[in-house]
Amino acid sequence: MSDDCIFCKIIEGDVPSYKVYEDENVYAFLDAEPVSKGHTLVIPKEHVDDIHGAADMDYMWEPLVKVSNAVKDAFGAEGVNIAQNNGEKAGQEVFHLHFHVTPIYEGDELDITYNRSSLESGDSVAEEISEQL
Ligand code: AMP
Ligand code: ZN
């Protein structure tokens with residue numbers, strides 16, 4: 001629990017939310033500004049700022065898949081995006097780890113923009129990352 005964290009307050013029931021799922025470790029609720037109908041946030045009850053503090057949170061996976069299935073089936077979505085932002089520069093606004101589960105419906109335009117390039121120096125880039133593991 002972090003005193004100034006809005007998602008901790010939601011877990012505690014001090015700030016209202018539309019609950020979708022809850023178990024011992026995980027809470028899921030509707031995003032207040034949904035990208036599409038059913039946009040749900042899945043969060044650990046333990047406060048960590050982002051994915052970098054989540055090495056021991058294996059328990060996130062099963063609820064995340066369950067909620068994704070439910071979000072997809074509830075209103076007949078064609079697909080589901082899972083998004084997860086870490087750091088202000090990456091678009092994170094709430095610093096309590098969360099997974100966005102966002103359904104995509106027939107006729108929706110996918111609105112995710114990345115500037116792609118061709119992979120260069122794959123060997124050394126992969127090696128640099130591997131060395132950090
Ligand atoms: P991010 O930019 O990845 O940190 O996403 C934060 C998300 O939290 C945004 O999609 C917000 O709409 C959502 N959000 C912030 N406050 C609340 C709240 N009180 N209840 C539900 N969703 C919230
Ligand atoms: Zn928190």
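Counting begins at 1 with the first residue displayed.
Glycine is no exception: its Cβ is also placed from the backbone N, Cα and C atoms.
Owing to the predicted nature of the structure, the values given are computational and were not obtained by experimental measurement.
Taken from TrEMBL, the feature domain 'HIT' covers 6-111. The motif 'Histidine triad motif' annotation in TrEMBL covers 96-100. TrEMBL lists HIS98 with the feature active site, tele-AMP-histidine intermediate.
Per-residue confidence over the motif 'Histidine triad motif' (96-100) averages out at a pLDDT of 98. Of all Cβ atoms in the protein chains displayed, 22 besides its own lie within 10 Å of the Cβ of the residue listed as 'active site, tele-AMP-histidine intermediate'.
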